[in-house]
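S.K.: Quick paste of what TrEMBL says about this protein:
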type	residues	note
TRANSMEM	7-31	transmembrane segment
TRANSMEM	37-55	transmembrane segment
TRANSMEM	134-156	transmembrane segment
TRANSMEM	168-187	transmembrane segment
TRANSMEM	220-241	transmembrane segment
TRANSMEM	272-291	transmembrane segment
TRANSMEM	369-391	transmembrane segment
TRANSMEM	403-424	transmembrane segment
TRANSMEM	436-456	transmembrane segment
TRANSMEM	476-494	transmembrane segment
TRANSMEM	501-518	transmembrane segment
TRANSMEM	524-542	transmembrane segment
Amino acid sequence: WQGLAHIVAVVVCVGLARFALFDVVQFLISARPTEGLLLGCLTLTLAAALAPLASHCYSGSGPVARSAVALALVGALLVLLQPPLPLAGGARCPHLPLALCPRLWDERHVPMHSAEDVEVWGRGLSRREHWPRWLLIAAVVAGLATAGGSGPAGVMSSPRRLTVVARLGLAIAAGLLVGAYTALELLPNQVPLQILVVAASVVAVMFVVLLSLPRAGGPVMLPALGLLWATCSGLALLLHAELPVPIDRANSRLFPDSKVQVEQEIFRATKASLLAVVASHALLMAFALKLKMTSALRRRAAAAAAGREHTMGAAGGNAAPGAVPSFGISPSDLLCGLVPSAVFSNYCAMLKLEGAGALALQRLAQEGLAWVPTLGNLLTLTAMGLGLALNCFLSGGMGAPEAIFMLAPILLLLSQDVLILPGLSERQRYCPPQLAISAYLLVSGVLVAVSDVVVGGGGGPAAVGLPPTLYLLKELGIAALAVPHHVIFLRYLWTLHAESWGTVLLVAAPVCVLPLAICDVPALRFFGAVGMLAAVLQYFSMKHVRRVGMKFI
């Protein structure tokens, strides 16, 4: 009871200090704070006040410590999202008898009510209050409950089964909340698209949760969920182009001349939102599959190491010293046994892996999850493609060239599989991102330069005062000087073999400064800068490998 009294006293003290906190926040941000920001600061203050009690009296564990951490997380979310709060009971008196006026703030401390202004965000989207942000906060809380903790004991006979059911139920709740937030915030007044987005969100969260518990979902349930997610996402993207654009009647009445502009604004915002939602779902599922692949590789490697130590004395002389483990898998296992092996009889030689990929795939095949690497690669490529499409859609043309530096790390989720990337090992995982950066910058730069001359009517050459043909030759010729550095660096990332001409590579690196200084297309400038950086990195990497090799010798 002493701890409970301490908690009640802390809550009362924080509540009485709310006006002082209002003044402090207003002084720090030099503006009137919003109600969500103030509530988040109060929650963070309460969590900080409960931290000494949790650490000293409860040894940093138990419900008090977990409650303090949860309060800190919720407070941080409130500060970041700043959701709206009802005016009645906040800064205004509710309509109660006997002139009762229970409220959180007084006349001298009135927070700002968070609502978007029509003149700021456009007439087509109208004034909005972001109440769905509370759904996102509730989804985070449900996700934390899904990650740890179990259901009440004694309700069902099997505690393990109860834990699976409880985690799945909380995951479905989190998926519903996230889907509802996405649908209400990004797709207002579009009911068919909202239903499909909510369904896709729920399916994606269920896929991730069941992937961590494969015995609960089974090897057929997970591919079915993946197919259902692809169906919902594809239907949403197709319906978006066919459904009429919803427009507020008040906007159509007040601004009839801007109807076409408003329709285009809403259409572009909806399409960008759908691309971002589908790409985020694909990225989440690909990340979960990559974690599954990595955990399987670690468990299989540990089991193989233990087996070698156990049989070293008996069969050590029969094994080849440089043997690389290989693993063959039935082709039908990749499609959950739905297609007979005779269909793939001509491709049996392709379905072989060697090295670490064989170990991971053998472990996954024992659980009926041999399709995990292939599906993960498909989802990774899907997320990458949607990210590039979103970049081109928002920026126009070939998109902003600097965006590829944020999208290329997605390809680190690629894994070695038997159908798409059978030769990709863990040591070669940095080659696909670098290949994407080099190829995108070069191709987009060349296309922009050609379009400036052919399609753009000479706008680019006229800006620099050159004839169109000379402008095109200048851009392509100078960019070609950096191509060898990119090719050599990609070859080094794939083979990981140190070459003897590292000094020559470093001396020739300043050639890549020419595209950076002379080219007028931004993508080709980035291409030259990346080529120079790649040459320098390769030189020092080869020098480090040589130094380590000499120490080993």
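Just so it is clear, glycine is given a Cβ too, placed from its N, Cα and C backbone atoms.
Keep in mind that TrEMBL annotations are predicted by a computer and have not been checked by a curator.
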S.K.: Are there residues at least 6 beyond the ends of the transmembrane segment (7-31) whose Cβ is under 8 Å from a Cβ of it, and what are they?
M.R.: 37-38, 41-42, 45-46, 49-50, 53, 64, 104-106, 108-109, 111-112
S.K.: Hey, does the transmembrane segment (272-291) touch the transmembrane segment (220-241), meaning at least 3 C-beta pairs closer than 8 angstroms, sequence gap 6 or more?
M.R.: yes
S.K.: Residues sitting near the transmembrane segment (524-542): Cβ under 8 Å, six or more positions beyond its termini, same chain?
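M.R.: Distant contacts of the transmembrane segment (524-542): 401-402, 434, 437-438, 441-442, 445-446, 449, 475, 478-479, 481-483, 485-486, 488-489, 492, 498-499, 502-503, 505-506, 508-510, 512-516.
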S.K.: By Cβ distance under 8 Å, which residues at least 6 away from the ends of the transmembrane segment (436-456) in the same chain are close to it?
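M.R.: Result: 384, 388, 397-399, 401, 404-405, 407-408, 411, 468-469, 471-472, 475-476, 479, 483, 486, 490, 519, 521-524, 526-527, 530.
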